[in-house]
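Encoded as structure tokens, the structure appears first; notes follow it.
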Amino acid sequence: MSSATTTDVRKGLYGVIADYTAVSKVMPETNSLTYRGYAVEDLVENCSFEEVFYLLWHGELPTAQQLAEFNERGRSYRSLDAGLISLIHSLPKEAHPMDVMRTAVSYMGTKDSEYFTTDSEHIRKVGHTLLAQLPMVLAMDIRRRKGLDIIAPDSSKSVAENLLSMVFGTGPESPASNPADVRDFEKSLILYAEHSFNASTFTARVITSTKSDVYSAITGAIGALKGPLHGGANEFVMHTMLAIDDPNKAAAWINNALDNKNVVMGFGHRVYKRGDSRVPSMEKSFRELAARHDGEKWVAMYENMRDAMDARTGIKPNLDFPAGPAYHLLGFPVDFFTPLFVIARVAGWTAHIVEQYENNSLIRPLSEYNGEEQREVAPIEKR
């Protein structure tokens, strides 16, 4: 039996400080979040997603020349291996899109002859590849399920605009043709890009700590992000709102869920207790999208659910609550909300993988045994 006492056991590692990181800082006491020292709301209003990606990797915002070189390198990887295209088309259309994303990353690893290289430059090369190709995987998966032709990437466009173009085309009704829609979508990517030692990032760091490869770390992170208690929550939020349908029924739905002790997705956070610092920025984008796309119904439902939850529990929304209806207004299928999260979070995951490799210590916690005491094996005929 271990020497730990019951009070030493922290289920879910709640409150445990597992390591140092310079990538981001979550400050629940002031309801704030910084990436490399910059307030996330400042980055959302003043930077592109690519600038934030660069910042998370290098610790500083890029100069104009550095950003141009970063974009040129990333966009040079916007082509998919023929085998990967064939693999995606061979997968069941009923498969969860997160499983398609995970499978795509695993396949990419099999094609990289230097996959086990752990130096930071190789990790960043893989990050560039994922940044370029995962939006293509997502767009291809959406369109193949609908029986639509695949749209090729455009190397002149940003990550956000290119993704919207590949999913929805470039017609006048496409969000890719509306700069305001592109910008609000880009802001969501910035908000989802990084959040310290969350479950998926910690999973990536655990895998990295064993000196495994970056593709294994990313596939493990995708698996963790798929869960409804982590990234999958934004899908559950929208499924709930679609099921409620009528804003006037939202408060009753919340009260009924609480009466039956059901978990209400989109509310509460393991770290933030006074509200998620990313919500104001995401809510602003959600309201702007609603104003442009006849989404007043979803704003009313959002407000009614939020107010009912606050009145009963005092629990505040997290980022997934406004992000869900925002992605719905853009036109994304609900099951693809979490894969969008993947595309954004690749920035944070790869920054943490580099950080873990550069100052590595195997992550191997202890456990407190609470099973049977030592016993002797009885012959099978006497059991």
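Each residue, glycine too, has its Cβ placed from N, Cα and C.
Under the heading active site, Swiss-Prot lists His230, His269, Asp320, citing similarity to another entry as support. Annotation comment: Swiss-Prot describes Arg73, His195, Arg278, Arg345, Arg364 as substrate binding site. Per Swiss-Prot, CoA binding site is recorded for Val263, Val264, Met265, Gly266, Phe267.
Comparing C-alpha positions, His195 (substrate binding site) sits nearest to Asp320 among the recorded positions Met265, Gly266, Phe267, Asp320.
Proximity note: of the listed recorded positions (Arg73, Arg278, Asp320, Arg345, Arg364), Asp320 have a CA within 10 Å of the CA of Met265 (CoA binding site), given in sequence order.
The Cβ centroid of Val263, Val264, Met265, Gly266, Phe267 marks the CoA site; residues of that chain outside this set whose Cβ lies within 8 Å of it are Ala233, Phe236, Val237, Thr240, Gly268, Phe321, given in sequence order. Counting only same-chain residues six or more apart in sequence, the Cβ atoms lying under 8 angstroms from the Cβ of His269 (active site) belong to Asp276, Lys316, Asn318.
The sparsest Cβ neighbourhood within 10 Å, among the listed recorded positions (His195, His230, Arg278, Arg345), is found at His230. Taking every protein chain shown into account, Arg73, Val264, Asp320 are the recorded positions, and of these the Cβ with the most other Cβ atoms within 10 Å belongs to Asp320. Cα distances from Arg364 (substrate binding site) to the recorded positions His230, Val263, Phe267, Asp320 are smallest for His230. Considering only the recorded positions His230, Arg278, Arg345, Val263 (CoA binding site) has His230 as its nearest partner by CA-CA distance. Taking the Cβ of Phe267 (CoA binding site) as reference, residues of its chain lying under 8 Å away and at least six apart in sequence are, in sequence order, Met309, Thr313, Ile315, Lys316, Pro317, Asn318, Phe321. Taking the C-alpha positions, the distance from Arg345 (substrate binding site) to His230 (active site) comes to 12 Å.
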